[in-house]
Amino acid sequence: MIANSWSRHGPRVAALLVGAAALTILVTAPGMGGYLMTVVITAVLFAYLAQCWNIVGGYAGRFSFGHAAFFGVGAYTTGVLGQHGVNPWLGLLVGAAFAALLGAALAVVSFRFGVRGPYFALSTLALAETLRVVFTNWEFVGAARGVMVDFSPGSSLAAFQFDSRLPYLYLILGLAAAVTALVAALDRHRVGLYLRALREDETVAASLGVDCQRYATYASALSAALTAVGGAFYTQWLLFIEAPTVYGVEISVAMVIPVLLGGVGTVWGPLLGSLALAPIQEGARALFRDRPGADLVVYGIVIAVVIIYLPRGIMGLFTPRPKVDQPPVAPVTPPVPVGAAR
Amino acid sequence: MSAAVMRVDAVRKRFGGLVAVNDVSFTLGAGEVLGVVGPNGAGKSTLFDLVSGVRRPDAGTVHVGERDISGLPAHRVARVGLARTFQKLRPLAGLSVTDNVMVGAYCQTRRKARARSIAAECVEAVGLTHKANEDADRLSTGQRKRLEVARALATGPRILLLDEITAGVDPSGVPLLIELIHKLARMDLSIVVIEHRMRVILDVSHRLLAMHLGTVIAEGDPATVMRDPTVIERYLGRSYVDS
C-alpha cells in the first residue's frame, strides 16, 4: 500500500530533505554574501530553538508560549557575566543551568496546580513578559540600555568571538545537528515514549507506572537549558542584547511556528518547518519592502492555512493517516440479564 | 483462595456533599475473581480509583500483601503490582498498539528489547497481534478494551482491576472477552471485575460484591448475592427476576 510505504519512509524522506539543505548550506557558505549569511544563521538558530521547544512542547505536550524566558536567561547570563570578565563558554553553561532551574520550577508548579493546555501557554507567556519588564528596569543588567559585549579583534573559539560570520554559521549548524541527534535518541528511548504517553493522557500514563511529574520536569528543564544555549549563541553573535528583543513574544512565537508547520512531536518536523518557513518569511519581506508589517500579515495567513489544512504539519503529509470514524463510547447502564439479546 | 493478596479496609471518598464511597471493605484472595455490581453512581469506579491511586481516599487503608499502599500515587501503585483498565476508553492516541503496551512493559524492565518482547506477548495474549503496528485510536471498541487489558498486563501485575471491559462491545465480541478473563485468571492473577452484563459476571466471578450509593449491600457467592432481596430491589429490578 502506498500509505504504508509512505509512513515507513516518511521520516527518511524528511531526513534526506533536511540533510540536503544542511549540505547545501555547508557547501555554499564560504561564498555567501553578508546579508544572505545573516539570514541563514538566523534561520538555523531558529531551527535549533524550534527543536529545543519540540522536546517539551511536542513530546511532552506542554505548549509553552514563553520560551523567550529561557532564551533571554541564556543570553543575559552570558552577556552580563562576560562584562565581568567571565568566559562566554562558562557563561553559556551557567545560563543553561539557570534556565534548567527555571524550567524545572515552571514544570513543578504547573503540575502541582494542574495548569494545562491554554492556561499553561498563558502562564509561560506571563513568565517571559515578567522577565522582559524586570530586565528592562534592572540596573545591574544594564536596564533599558541592554548589554554590550566587548569585542576583541581576531577570531578565537576559546573566546567565542569571530571576526567573520562563517564560524558562527558552522557553530549553529553543529548545535542544530546535535540537538536533533538528541531528539532522535529521545524519540527511540523509553523516556521519549513516557513523554508521548503523558502528553496523551496523564492518568493512563500514571496507571502504567509513569511518574508524569518527574518526566515532565526533566523535559522542561532540558528544553529550557538548550534554549538558553541558543540565547548564549545569540549574545556572542550579535554582541548586543536588550530585554525587549530577547524576552520578546516574537522569539517565543518564532520557536513555536516551525514546529506547528513541520509537525509537533516528531524528530524532523521542526527542521522541515524551519526550512519551509525561511523562504516564506524572506519572500514576503522582499515583496513588501515598502509596506512594513505587510510581510507579517502574509506570514500569519500562511500559518493559519497550514494549521487548518495540515493539523499534523508537513510530517503529516509524509505519514498520512486516513480518517476513521471514532467508535462511540456506549453509555451502558442497566444490568444485562443472562441470555438477553443485547 | 488462601491468603488475601489485597485487603481494603473502610475506604471512604467524599466529593463535596456526596459520599461516593462510604467505608467499603473487602478482601481479594489469591487467584480469585471478585465481581463488583451495582447501579451507576454506586461508587464502583471511584472505588477502583481509590485502590489504584488515581484518587486519594479520605479515610481507610488498602494493603497489597503486607504493604500499605493507601495514598500512594498511581505510578507507584502500578509498580507494586496492581494494574487497572479504565471504563472510559483511553487509548494513547497517536501511539501504536505496541507502543501503548510498551509504556506498561517498562515497569518490568528498562531494556527496550525486553519491553518490546513483553509487549508482544501481552498483545498476543489479548489477540491483537494483527493490529500491533496500528495507531491505537484506529481500533474498534472491543479491540480498545483488549488493548486496555494488554497494557495493564504488561506492567506485570499480581492484581488486575477490570472496569467494565464488555461495556459498549457488541454481543458477538463478548464471549471473546469472557474467554480473556478466564485466561487471565489462569495466569495466577487476582482480579476484580466491574460489570453490568450478568452473563459475564456470573460466568467469571468466584464471589460478588454488590454496591449501592457508596456502600456494600451484599457480599458472597454469586448465586446468593443475586437472590438477595436488597440487591434485587436496588439494582436488578423485578423484571430481571421475572425474566
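All residue numbers here begin at 1 and follow the chain in the order shown.
A Cβ is built for glycine as well, from the same backbone N, Cα and C atoms used for every other residue.
These figures come from a predicted structure and were not determined experimentally.
As annotated by TrEMBL, transmembrane segment applies to A:12-29 (among others).
Residues or ranges marked as transmembrane segment in TrEMBL: A:35-56 (among others).
Residues 49, 52-53, 56-57, 90-92, 94-96, 98-99, 102-103, 117-118, 120-129, 131-132, 135, 140-142, 147-150, 223-225, 227-232, 234-236, 241, 243, 246-253, 255-256 of the same chain sit 6 or more residues outside the transmembrane segment (A:63-83) yet have a Cβ under 8 Å from a Cβ within it. Taken from TrEMBL, the feature transmembrane segment applies to A:63-83 (among others).
Taken from TrEMBL, the feature transmembrane segment applies to A:89-111 (among others).
Positions annotated as transmembrane segment by TrEMBL: A:168-186 (among others).
As annotated by TrEMBL, transmembrane segment applies to A:215-239 (among others).
Per TrEMBL, the feature transmembrane segment maps to A:251-275 (among others).
If you look up TrEMBL, you'll see A:296-318 (among others) marked as transmembrane segment.
When the stretches A:12-29, A:35-56, A:89-111, A:168-186, A:215-239 are ranked by Cβ pairs under 8 Å to the transmembrane segment (A:296-318), first place goes to A:12-29. Against the transmembrane segment (A:215-239), stretch A:89-111 has more CB pairs under 8 A than any other of A:35-56, A:89-111, A:168-186, A:251-275.
Contact between the transmembrane segment (A:12-29) and the transmembrane segment (A:89-111) is not supported: fewer than 3 Cβ pairs lie under 8 Å, counting only residues 6 or more apart in sequence. It is A:35-56 that, among the stretches A:35-56, A:89-111, A:168-186, forms the most Cβ pairs under 8 Å with the transmembrane segment (A:251-275).
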